Structure formats: C-alpha cells, structure tokens
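Annotated domain 'TLC' per TrEMBL: 68-271, in sequence order. Annotation source TrEMBL lists transmembrane segment at 31-59, 80-100, 120-139, 146-162, 168-189, 201-224, 236-259.
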Amino acid sequence: MDFPVDPIMAAKAYKYKAELLLKEYLLADSYVLYTSVLVGLLMCKLSYDFTHIISSVYFKGYASLTKMKKIEWNNRGMSTVHAILITMMSVYLVFLSDLFSDQLDGPVTFRSSHLSNFTLGVSVGYFIADLAMIFWFYPSLGGMEYVFHHILCLVCAVYAMLSGEGQLYAYMFLISETTTPGINLRWFLDVAGKKNSKAYIVNGVAMFVTWLMVRIVLFIYLFYHILTNYDQVKQMDTFACVLISVAPTILFTMNVIWFSKIVKGLKKTLAKRHAE
C-alpha cells in the first residue's frame, strides 16, 4: 500500500541528503581540492554553452558575428558567471563570515575552511580554463598582460588553497572580479552597436566607481592590513611572504594603468555625449 508523500517532508529529506553529500564528499578533506577544481572547469563549460544558447535565441545579431567574435562573446559570458559567483563568496568570507574575524584567536594569515578551500578551487578551475582559451586563440582573447595577470592570480589561488596560508589576501584579490561583469557588458554593448546608448554611459560610470572601490581603494586597504599585521604575515612560509609582497604590488600597478584608461574613455564618451 502506497502512502501519500508529504511535500514538506520530502523537501527536508532532499535537503538533508544534499547537505550530507556536500559535507561527506564535496567538502571532505580528501576530495575537496580535486572536486572544487573540477567544479570550476565544469562551471566554465556550462556557462560557455549556456551563453551560446541564450545569445542564439535572444540576440538577433549573434548569428551574424564572426566565429572568433562568437567565441569571445561566449568566453565573456563564462567569465561573468565566475565573477558573480566568486565576488559573492569572497565578500561573504572576508566581511560576513567569522573566518577572518578579529574576535578569533590565532594569526589571520593561517585561517582556512572547507568552504574557503572549495571556493578557491572553483576559481583555480576557471583560471585554468580561461588561460587555456587565451593560449589556444592567442592573441584574440587577450595579450600578454592578460596572460601575466591570470598566471599570477592562478599561482596565488593555488598556493592559498593548498597551503591554507594567506587566504584572506587571496579573497581580497578576488573581490576585484566585481568589475568583470561591467567590463564584459561594455564589450557586449559595443559589439551590439549600442555604443551611443544611455546604457553604455551608465555602464562607463558604474565601471569607474566599482574599479575605484575594489581595485584601488580595497588594494590600499590590503596594503594597510598587511603592514599592520606584519607580525602574522612574516610567520608564513618564505614563498608566501614573497607572494604577499610582490603580487599585490604588481596587480595594483596594473589596476592603476587600466584605471587611467577607463577614466580617459569615460571622459571621451561624456564629452561626445555632451557635444551631441
């Protein structure tokens, strides 16, 4: 005799099974690193294909794009998905969770968790996939500055994931991915012939603000945090200390150079709009 199934009880049962799977397999010590990287690679594949399908249906001009433009279009959709995911997780881990809280005992430079390791692994998977595409289609998807940027981020993410050291600073780096959706949207609007639209101007202003906050101001705070907690930083492995010293400096320099280009582009767009 079959008994009626209570939807609420069924939902709770599925939730329990999902949490059990997450705890005992995906976030288990022996699997978390491998699983997270594979999840990152799978996320890239799915988001790339999803961008292709959605664009083919809802953007009439997609079909007329060249093969290389379609590849870059899909690639930017992939990077947007990663940026949104990693930004949310980075903000949560750095500012909302207790992982890096000053209230906890012990050096902040040695703190990590299953969730923080898993999230870094997803980003490692993304950087591997994106680097592979950049090399395969070089230089259509970006020049040497993109290769250098991705390799540097990949090294930092891999080391922080494997060692558990300096994850706070790795996530501060990754918060800078906040700017990626805006950059990609600007490219989409340009390719779609919307360079003179209000959306393009709003996007330019939003890019200026977000870039200033997460790639300039936040990095200045990162340097301040490193200096004020240097007694904890110097306890890390020598390689980690070198990364903490070199990587933020290089990335900050690149951010300033790119920011100057954003300012020039925004001024040009606003001046053109004002003239019209």
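Placement of Cβ uses the backbone N, Cα and C atoms for every residue, glycine included.
Curation plays no part in TrEMBL annotations; they are all automatic predictions.
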Residue numbers, six or more beyond the limits of the transmembrane segment (201-224), whose CB comes under 8 Å of its CB atoms: 169, 172, 175-176, 178-179, 182-183, 185-186, 189, 248, 251-252, 255-256, 258-259, 262-263, 265-266, 269-270, 273
Spatial neighbours of the transmembrane segment (236-259) far in sequence, C-beta under 8 Å, 6+ residues away: 109-110, 145, 149, 152-153, 155-156, 159, 163, 165-166, 169, 173, 176, 211-212, 215-216, 219, 222-223, 226
Intrachain residues whose Cβ lies under 8 Å of the transmembrane segment (120-139), provided they are six or more past its termini: 32-33, 35-45, 68, 71, 75, 78-79, 82, 85-86, 146-147, 150-151, 153-154, 157-158, 160-161, 167, 170, 174
Sequence-remote partners of the transmembrane segment (168-189) [C-beta within less than 8 Å, at least six residues beyond its ends]: 72-73, 76-77, 79-80, 82-84, 86-87, 90-91, 93-94, 100, 108-109, 111, 116, 120, 123, 153, 156-157, 160, 195, 197, 199-200, 203-204, 206-207, 210-211, 214-215, 218-219, 221-222, 225-226, 244, 247-248, 251, 255
Long-range environment of the transmembrane segment (80-100) - Cβ separation under 8 angstroms, sequence gap at least 6: 40, 43-44, 47, 108, 111-113, 115-116, 119, 122-123, 126, 168, 171-172, 174-175, 177-181, 184
